[in-house]
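Noted in Swiss-Prot for the protein shown:
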- Met55, Gly203: substrate binding site (BINDING)
- Arg130, Ser176: ATP binding site (BINDING)
Amino acid sequence: MSKTTIIERIWPAKEIIEDLSELRKQSPLTHVITNIVVTNWTANVLLAIGSSPAMVIAKEEAGEFAKIASGLLINIGTVTSNDAITMKIAAEAAHQAKIPWVLDPVAVGALGFRTELAKELLNFKPTVIRGNASEILALAGTDGGGKGVDSTALSSDALPLAQMLAEKTGAVIAISGEIDYVTNGKETISISGGDPIMTKVTGVGCSLGGVIASFLGVQKDPLRATATASAVFAIAGTRSAKISKGSGSFAVNFLDQLNLLSTEK
């Protein structure tokens, strides 16, 4: 059981509309270091919401660019030894420059190299850690029961340890699942919506990390920014599923629905 009161946030809550409107006005420069499977998709998702993605991955440039971006995503999904160097350089630079950044510890706990890397990256104080229940449980030091990038645990099961992890690291923890939870250890927000078909399109979950990084660039409260990103994803997923025949049409419709979200009151 959660040790805090859980507040639900769904579209079109006032905070969500305000944050999305501000993002579209500012078009924050978002530094994305992600896995090779989802790079193109993530860029398209960020463009659809109104952000400005930049996939700068050379170790010679990553630190310099991280310092001028509005936000940074580091996703370790297909990490290599060279990628790990880039990620540590970028994370350290963002931390030093006080640039908010998101860690997506894909499949952490399942394999040793990425698990050790994720723990090293925690030294650079991520603003937000986003993952499924198994990944969050593994990062918190327990057996998450994951199978690769997939989770066999419920988001609600991971919430108590997510709250402890938030207090330990100082990061906001975002758990993706049938119901998403966002917590800073003291406050917890739940976001319902979306659709199971979202798990049938490669990169949907990973791109959420980029959306969170984008909202961090315009909303200084990381709990609110992360909840807004999750709520935007949920409503776009719900609307897209209703008009899609399968995963292929869903992918296109999802980009459209993100782009078409209205901020008019």
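We count from 1, first residue shown onward.
Every residue, even glycine, has its Cβ placed from backbone N, Cα and C.
Quantities reported herein were computed from a predicted structural model and do not represent experimental measurements.
Counting in whole angstrom, Met55 (substrate binding site) lies 24 from Ser176 (ATP binding site) by their C-alpha atoms. Within 10 Å of the C-beta of Arg130 (ATP binding site) there are 33 other C-beta atoms, taking all protein chains into account. Under a cutoff of 8 A between CB atoms, and with a sequence separation of 6+ in the same chain, the neighbours of Ser176 (ATP binding site) are Arg130, Gly131, Asn132, Ser155, Gly205, Leu208, Ser230.
Within 10 Å of the C-beta of Gly203 (substrate binding site) we count 21 further C-beta atoms, all protein chains included. Counting Cβ atoms from all protein chains shown, Met55 (substrate binding site) has 15 others lying within 10 Å of its own Cβ.
According to DSSP, Ser176 (ATP binding site) sits within a strand segment. According to DSSP, Arg130 (ATP binding site) sits within a strand segment.
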